[in-house]
Structures are given as C-alpha cells and as structure tokens.
Amino acid sequence: MDHLPIFCQLRDRDCLIVGGGDVAERKARLMLEAGARLTVNALTFIPQFTVWANEGMLTLVEGPFDETLLDSCWLAIAATDDDTVNQRVSDAAESRRIFCNVVDAPKAASFIMPSIIDRSPLMVAVSSGGTSPVLARLLREKLESLLPQHLGQVARYAGQLRARVKKQFATMGERRRFWEKFFVNDRLAQSLANADEKAVNATTERLFSEPLDHRGEVVLVGAGPGDAGLLTLKGLQQIQQADIVVYDRLVSDDIMNLVRRDADRVFVGKRAGYHCVPQEEINQILLREAQKGKRVVRLKGGDPFIFGRGGEELETLCHAGIPFSVVPGITAASGCSAYSGIPLTHRDYAQSVRLVTGHLKTGGELDWENLAAEKQTLVFYMGLNQAATIQEKLIAFGMQADMPVALVENGTSVKQRVVHGVLTQLGELAQQVESPALIIVGRVVGLRDKLNWFSNY
C-alpha cells in the first residue's frame, strides 16, 4: 500500500491554496465544502474566487507565493500552472511538516486527492495512487450509479436512532437484522428526501414494532423498453438489493444479468393474449414472498403504471398492509419512438400524443372518433392482433387513409426492426412483425427517414 487513506477534519482550520485558475477553483470548492478556513494566494484570480471572497467564504492574497502563509496551516495545495512555483510550495510545506498536494505531480506531493463520492456523512474515496486518474474517475462514476442519492440522509437518521436500537434489540444479530432492513427501506429513504416527517415517523415505528422476520416489502420497478442502458439508476439499485425478482417476458436478458446474483428469480412470462401465470397468481406471489420478510422486486418492461397492471398488483399489497414503492421506467412509447427516429410530438404535425391499449377487456370499445382526430400521434400498446381492426376503425371515423404508420419490433434493443407504410397497409404490415411490438400512427412517422439514428432496419 503506497498511500494510507484518511479523512481529514478541516472545519475551521487554516488551509492554503496557491493558484487562482480553474484547477485551483475545483480544489477550493472541495475545501469550502469541508468547512476549511481557506486562504488563496495567486497573481490573478478567476471571477469565482472574487465572488467567494466578497461573500466572506475565503481570503484572497494577491501576489507571488508567500511561504509565510503556510505558518498557521494544516493543509496546502499547489495548483498553479508553473512547476517551479508548485515545487516551492511543496518544499516549504515539507519543511514545516504540513501535508501538501501538488496538482498533476503526485511524486512531489505528500498527499493525493482521491475521486470522491459524497453522500455525507457517508463518504467514499477512490484513488489510483496518482497512476491513472481517469481510471479512478471511471470507477467513481460506476460507484455513483450504485449508491442511492438519499443515502446520506438515511445515514444521518440512522445516527439518531442508534441509542434506541441498542436499547430495544439485545443482541448484535438482532441489531444487524434491523439495520439491514432499515437501510434498504425505499419508502423511508424517499420520505427523508421529501422531508416528510409524518411518513418518516410512521415507517420508523413500523420497523421497530414489527417482528424482524416479517418486514418484507415490494418495489415495482420499470425496466424500460429493452436497452439495459435505459434502466434508471434507482431501478438498478433496487434489483441489486432484491431477495427475489418477479419478472416477465418483456424484461431483457441484459437487464436480468444486472440482478443480484444470489437473488431468487420467478418468471411469470406475460405477453398480450397469453399469461404463463395468471395476474391473480402474480399478485399472490408478491404478497406471499413479502409476508416471508423478503425484499421483492416486481420487474416490468417499460413503466409499471402504463399498461403494466402495476396498480392492480399494488391494490392487493395495500389491502394486506404490505409496504410498497414504485420506480418508474422509460415507457415503450418514449423509448421505441426515440430509437426509431419518430418524435411523438412536433409543432407542425402533432400537438398531443395518446397512449392506447390494443388489448381491451372483453366487450370494451375505444373512443374511435377522438382517436381519429387530426394533429395528434397515436401509440398502440399490445395492438398487433388488433391491427386490422385499428386500421378499419380509424378510417371509418375519418382518419386519412394515407396517414403514416410504423410498427416497432423489439424496440431499443439490438434486434429492433421497424416497418412502416400508410394506414391502409396496417393490417398487412402487422403480419410482418412479431411481439413485442408497438404501433405508431401519425404524420410524425414521416420524419423517420430524416431522423432515424439507431439502425437501418
């Protein structure tokens, strides 16, 4: 180990930065966030330093490097564009036994600055020892995606509860189980982020009052339309914390590969017109697993609240008193249209967009008169089997027969395929496409030839 990682308490302690440019500004920002009493010495300063000085946040000393400024310092940073000056700062600090960082010169420095993930009071520092700053930055970005944004607030709140936890739970094992449930409780984290004191208190009391073995919850997560890169950061965090993942056919293999390795997986294989597991049984699976104390993720393609029957599943949980939360996903209409070069709205062609199910309950009927209106875009989910009917009804209610249409198969994935034509061809085009597929109807489809960026198919 070439360097010892430490965290410095700099609040109200004198620190010095030599340099007044962009690099020095970035270092100063970190020092100010840490509460340092900061002096900045340079020949010239970029405007941000003057702003900070006018606000009383730091002291500026204009002129050549003055090593007497180090006499009362705990820490120093040399951040000029002059290697000779930087070395003078380092030597002067070394003679006073003051730690000094020299920007872009780790061998001349007595400490190096890591890449930082700040979830105060939780801090994560990543360093390559100065050998590969880009690698450290890339690793930091990866860790940023794994750590929830609200983690700091949860950590602070945990500190307030430590005494109560110690008093209520006698053994280390019980305390560990409590904290494990506490830190993965998404509703608590969201309530803290919203400063919703009532919800925070209610969730906290439930955590303390229920037996440790029966604190399961369900999180509905939208997996997006296919491309794993479209899974949200919060969605990724949830599937990596799950004890069990209940998923269906629209969730891609690439996304399932991101699920925690030791999590149980339950495939329920839904698609339009075919359910490998009936919806009521899915509801009961979620309920049963949560009642066992498990953290259950219900992973759905697209967005769980847009033709995903997420509301029905949550009603079952709500009736049983099971805690739940929802992580939205990019819905198929948004993802497939973007990856097909078809804007859903456009000032010249469409002032509104309608998301329509093509899979109605028996006896159901759509409002075809309004659907056939001009200056809008229609997106039909689960509409392949009804494509001929959609074509017939829209024309019958006045939509122009030459209205452009597109069918997007396996949208946003490497298997994406788009077929397009006009409304009179819709039923025929549907025969060329397999599920999962989306139907887009509107003048905006005509822009695809210019705006298609993702594939030639």
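Even glycines carry a Cβ here, placed using N, Cα and C.
Feature annotations, courtesy of Swiss-Prot:
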type	residues	note
ACT_SITE	LYS270	active site, proton donor
BINDING	PRO225, GLY301, GLY302, ASP303, ILE306, THR331, ALA332, MET382, GLY411	S-adenosyl-L-methionine binding site
MOD_RES	SER128	phosphoserine
REGION	1-204	region 'Precorrin-2 dehydrogenase /sirohydrochlorin ferrochelatase'
REGION	216-457	region 'Uroporphyrinogen-III C-methyltransferase'
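Here the features listed in Swiss-Prot are painted onto the structure.
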residue	record	contacts (Cβ under 8 Å, 6+ apart)
SER128	phosphoserine	LEU135, ALA136
PRO225	S-adenosyl-L-methionine binding site	GLY301, GLY302, ILE330, THR331, ALA332, SER334, GLY335, CYS336, GLY411, THR412
ILE306	S-adenosyl-L-methionine binding site	THR331, ALA332, ALA333, LEU355, TYR381
Reported mean pLDDT - the region 'Precorrin-2 dehydrogenase /sirohydrochlorin ferrochelatase' (1-204): 91
Mapped DSSP class for ALA332 (S-adenosyl-L-methionine binding site), helix or strand or coil: helix
Distance in Å spanning the most remote Cα pair of PRO225, GLY301, GLY302, ASP303, ILE306, THR331, ALA332, MET382, GLY411, given for S-adenosyl-L-methionine: 16
S-adenosyl-L-methionine site, defined by PRO225, GLY301, GLY302, ASP303, ILE306, THR331, ALA332, MET382, GLY411: further same-chain residues with Cβ within 8 Å of the Cβ centre: GLY224, LEU250, PHE307, GLY308, GLY329, ILE330, ALA333, GLY335, CYS336, TYR381, LEU438
PRO225 (S-adenosyl-L-methionine binding site) in three-state DSSP notation: coil
